[in-house]
Amino acid sequence: MTDAKRQAALDYHAKPIPGKLSVELTKPTATARDLALAYSPGVAEPVREIARDPENAYLYTGKGNLVAVISDGSAILGLGNLGPLASKPVMEGKGVLFKRFAGINSIDVEVDAESPQAFIDTVARIADSWGGINLEDIKAPECFEIERALVEQCNIPVFHDDQHGTAIVTAAGMLNALDIAGKSLESARIVCLGAGAAAIACMKLLVACGARSENLVMLDRKGVIHSGREDLNQYKAMFAIDTDKRTLADAIEGADVFVGLSGPGLMTEEHIRRMADNPVVFACTNPDPEIHPDLARETRPDVIMATGRSDYPNQVNNVLGFPFIFRGALDVRATRINEDMKVAAVHALKDLAREPVPQAVLEAYDKDAMSFGRDYIIPTPIDVRLLERVSSAVAQAAVDSGVARRPYPAHYPLKTVDDVYG
């Protein structure tokens, strides 16, 4: 980042008021009567009602539209383990996106815990304060155990966006890309470079969407994850296959799909040349992908390419998913975000990309036209229809799969965030 851009980022966060979020009042407070209702003695009445039935917290407090964004700061963006407090700007930023795109209030919680179990214990004890929990920037493999334990212990949705948000958007784009390439997920040969939280979640969700595990090769820093390796943790071991392939060059031969969640420049011209016709390449490392889009297209003009960057077509951006997934989950008071809800989000995103693009989106991107094809396989983050389509699909899937505590909302579909409260 240039000095000018660095200073602009610092100024944005510091001026005119430090931080990006604030608390606003939702009730009148102008008179003595207002204050008596807001606090003592009036506040005693909702206290009694919640003590009588904890579900009344959704009626008398902001719990139902409140998500906690929680981190230990062990894997902050691409910066690494910088500690809980340093993660606060990122957690506030996540809150901005929740509010901007789905009308969800949030609070950021940075936990200084000496172990994964200490983190789990801390969060579990206070989880009932919120309608949902978004885990963020927690390193692998600890993030898997933390999420699993909290899902089991909490009766509200717990969602590690670094895993599942990336997976949902990737799967949606992948289904569309393969369709354009004249291929199917069920028969596609997939190579995944990377075996961290996002990579493992992506491959698990692709399998849930129809990919065959025997057609999937995953690589970590030591090469292909195969059944002969004895250094695999339980999460990598799920993807160990019986093969004589050992390197990316071996694995990529004839592959239909490459998913990169690893590091910059790790895919070469020779690698992409070895892929099958109409190769699908998702090079998602930011800011520099596994292979630069210009180089990929120069080497393989038939490539269908996606990256994590906003300055190239087909950006894999988690903001396409998490605000609307939580919106749908909160509005039916789901106890968890399960596989059915994730798959529903995948198909909602996939289908939306096939519809005509609104004029407002074209103007925002200074385009005369955008339509479903090689350069448009995923919707754009500013498409207002995301709120309607993804939230509705997730809410319906929660109801259908039995994790909703309320019926499908009568005020759905949502057209804008102003419709959130019906």
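Cβ from N, Cα, C; glycine included.
The NADP(+) site recorded in Swiss-Prot includes A195, G196, A197, A198, N286, and the single candidate from N155, N314, N318, N338 that the record places there is N318. Divalent metal cation binding, as stated in Swiss-Prot, involves E136, D137; the candidate among D112, D121, D128, D162 given for that site is D162.
Within 10 Å of the C-beta of K236 (site 'Confers specificity for NADP') we count 19 further C-beta atoms, all protein chains included. Listed in sequence order, the residues S71, A75, I76, V90, L135, I138, C143, H160, D161 complete the 8 Å Cβ shell around the divalent metal cation site centroid, once E136, D137, D162 themselves are left out. Sequence-distant neighbours of N286 (NADP(+) binding site) (same chain, 6+ apart, CB under 8 A from its CB) are G78, G308, R309. The recorded positions close to A195 (NADP(+) binding site), defined as a CA atom within 10 A of its CA, are K236 out of Y39, K94, D137, K236, N318.
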